[in-house]
Amino acid sequence: MEVKIKQVDEVKISRYIIKETMEDWYQFVESDVVIVGAGPSGLSAAYYLAKAGLKTLVFERRLSFGGGIGGGAMLFHKLIIEKPADEILREVNVRLKEVEEGVYVVDSAEFMAKLATAAIDAGAKIIHGVTVDDVIFRENPLRVAGVAVEWTATQMASLHVDPIFISAKAVVDATGHDAEVISVAARKIPELGIVIAGEKSAYSERAEELTVINTGKVAEGLYAAGMAVTEVKGLPRMGPIFGAMVLSGKAVAEEITKDLLKSEIRT
């Protein structure tokens with residue numbers, strides 16, 4: 001097979017990549033919302049926030065997205081979704097197989113790929129290989145005002161390198177079971193009054209409902225979504241059923257959108 005391929009030398013390759021990357025960072029250094037973690041709740045939140053017209057930046061420490069979706073259930077490649085979360089998956093064109101009324105099985109690879117694509121298509125920016133290791137805070141009034149970020153590879157190499165800062169009107173902790181961002185804020189800014197109760201063992205039926213109900217603001221400018229909610233609020237885990245995860249992402253997006261709208265009205 002003969003193919004005429006455009007010739008691009010190494011200098012152009014490097015220049016174009018550096019230029020476009022720096023333009024993205026320059027644009028998003030001041031964001032409306034920073035989401036930490038590109039798992040199911042983080043991607044769902046990113047999708048709805050970007051759809052609402054908010055400048056939405058997602059940091060993911062790994063080189064892929066999906067969080068716990070990719071591992072499926074003990075590496076089985078299927079997951080469970082229940083009503084009404086199926087409406088979100090249908091919205092992003094994930095195929096569902098109904099196994100009983102209101103209960104669906106989905107393919108893990110399709111689920112995470114289409115949810116991420118939907119968030120990107122809506123306008124969210126996802127940057128891989130970046131770890132959030134601290135927050136920015138302000139006083140009068142006391143609030144979280146952004147994050148400090150570092151390359152994951154730098155942290156893995158145990159190099160002493162200062163981070164850079166990203167400003168945000170709202171920060172969402174979607175880091176999962178450890179609620180990493182909220183944990184740092186609770187430890188380093190005790191004035192925020194955050195108490196982390198710790199996640200409980202499995203009780204799927206209750207966990208799904210309680211996670212969505214308790215999703216939202218934990219301090220001014222700082223929000224919890226997904227499994228971070230269970231860690232902060234002392235709720236049970238639910239295992240490989242993901243309805244609450246995407247519903248939590250949607251719920252936190254709706255709350256942030258309302259909060260930022262109120263803030264704009266006041267100013």
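Glycine is treated like the rest: Cβ placed from N, Cα and C.
Going by what Swiss-Prot states, the NAD(+) site holds Ser41, Glu60, Arg61, Val132, His160, Val161, Asp162, Met227, and the candidate of Gly53, Gly68, Gly123, Gly234 recorded there is Gly68. For His177 (Fe cation binding site), the nearest of the binding-site residues Arg61, Val132, Met227, Arg237 in terms of C-alpha separation is Met227. In this structure, Asp162 is the one among the binding-site residues Arg61, Val132, Val161, Asp162, Met227 with the smallest number of other Cβ atoms inside 10 Å of its Cβ.
Ranked by CA distance from Asp162 (Fe cation binding site), the binding-site residues Arg61, Val132, Met227 have Val132 at the top as the closest. A distance of 8 Å separates the Cα atom of Met227 (NAD(+) binding site) from that of Arg237 (glycine binding site).
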